Amino acid sequence: MSLQERDKKHLWHPLKQHQTHPNSLGIVKAKGCMLTDENGNDYIDAISSWYTCMFGHCNPYITGQVAEQMQTLDQIMFSDFTHEPAIKLSEELIKILPKNQNRIFFNDNGSTAVEAGIKMALQYHFNKGEKRSLFIALENGFHGDTFGAMSVSGLSVYNGPFEDFLMHVERIPVPNGENNQAIIDQLKQLVSKQKVAGFIYEPLVQGAAGMKIHKAEDLDIILQFCKENDILTIADEVMTGFGKTGSNFASNEINTKPDIICLSKALTAGLVPMAITSCTEEIYTAFLSSDIAKGFFHCHTYSANPIACRAALASIELLQSEEIQENIQQITAAHSTFANKIKDHTKITEVRYKGVILAIDLKTNSSRYGSLRDQLLTSFMNDGIFLRPLGNTIYIQPPYVITEAQLNKIYTTIEKVLDTF
Ligand SMILES: *Cc1c(COP(=O)(O)O)cnc(C)c1O
């Protein structure tokens, strides 16, 4: 029996309505930028398996480092012990994170990195003797699927059953230059009536919203307002982190630095799950006290798993290599040429790119999860490209190690598919 058939007996997949979408394709192998299915077909992984495998699948340097770690120290409780991979990772991260970051807290996925960031912000104010409970978030933001993360996410059409249990969050539009003043007016109104604890945002690129891009200087106006009003800022860099936008972190491109940063996805290059919530020394200091209850009592069993730390160390090393930095620039340049070429296509309303991210909005009336999306996905798969349209937005985020020929194949397939739907 095929993997696809055996799958149906006991498995329950995420983000899936099994009644209408019963099939999951069996993948047997992944190497570099290629995926191989159980029937022997190959696909270019044009979205790096959800923005994780940026150095290619089963990258031999990273798997080698991880293999060595697996034979030395596999897992140890981080509440009581420490180890070289975690220490070294904190040292390496602090070198490349925005200068105001000084503390590394470990989690195990993007949602819990956000959850810890929200709790840090709330307890920071609490420890200082102030009760602040309101969060501000950007419209159409996505921050994960646990309750705190779901609460601050704006893409909430699927949150119906949970709405009564979510945190209190006010949403502001994404700044676009024209609405900057209106947003500041809205924020002034909010702080005059309520105690705001924090502001959470995906810096420069909102991933799940459809790779929507905003300008650093516009976002900066909001961040400055937050600083002036003692509102902690949380940059959710789970998607943007580690080179995607063309710099190591999107926050490096924005003047005002966040108090807290959430990292995951490319952190471990797709090998094992891990996440990090980093923060400033000022936040950390607010948790120091002779009173044990003022400490941060948030923990996940696999915190700072040595194998995951080692994968992260290897991928940060690769990220900083000249070769990868050059690749990132070449991919951006190729995106620019391609965007120029297709921008006036009759089926396109907008094409945008930033770093290795490129997104194309299609001219159509069908809904986010309508049948067009499924048709597009199938056409691309038939042509040997795995990309996953977000509603009517086609986007790519290829591994940094993609070859010119592979990237060109993605572009020509997009052009072909545009002409057929
Ligand atoms: C994917 C993502 C998350 C959630 O991460 P998980 O590991 O899937 O829980 C949070 N924020 C952003 C911006 C993401 O892209």
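Positions of Cβ are set from backbone N, Cα and C atoms, glycine also.
In sequence order, Trp50, Tyr51, Thr52, Gly110, Val238, Met239, Gly241, Phe242 are the residues of the chain that are 6 or more apart from Lys265 (substrate binding site) and have a CB within less than 8 Å of its CB. Per TrEMBL, substrate binding site is recorded for Trp50, Lys265, Arg388.
Contacts of Thr301 (pyridoxal 5'-phosphate binding site) defined by a Cβ separation under 8 A and a same-chain sequence distance of 6+ are given as none. DSSP assigns Thr301 (pyridoxal 5'-phosphate binding site) to coil, not to a helix or a strand. Sequence annotations record features per position, and here TrEMBL assigns pyridoxal 5'-phosphate binding site to Gly110, Ser111, Asp236, His300, Thr301.
As annotated by TrEMBL, N6-(pyridoxal phosphate)lysine applies to Lys265.
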Of Ser111, His300, Thr301, binding-site residues neighbouring ligand 1, Cβ under 6 A: Ser111
Rounded to the nearest Å - Cα separation of Ser111 (pyridoxal 5'-phosphate binding site) and Arg388 (substrate binding site): 21
Arg388 (substrate binding site) and Asp236 (pyridoxal 5'-phosphate binding site), distance between Cα atoms, whole Å: 22
Binding residues Gly110, Ser111, Asp236, His300, Thr301 (pyridoxal 5'-phosphate) - maximum C-alpha distance in whole Å: 22
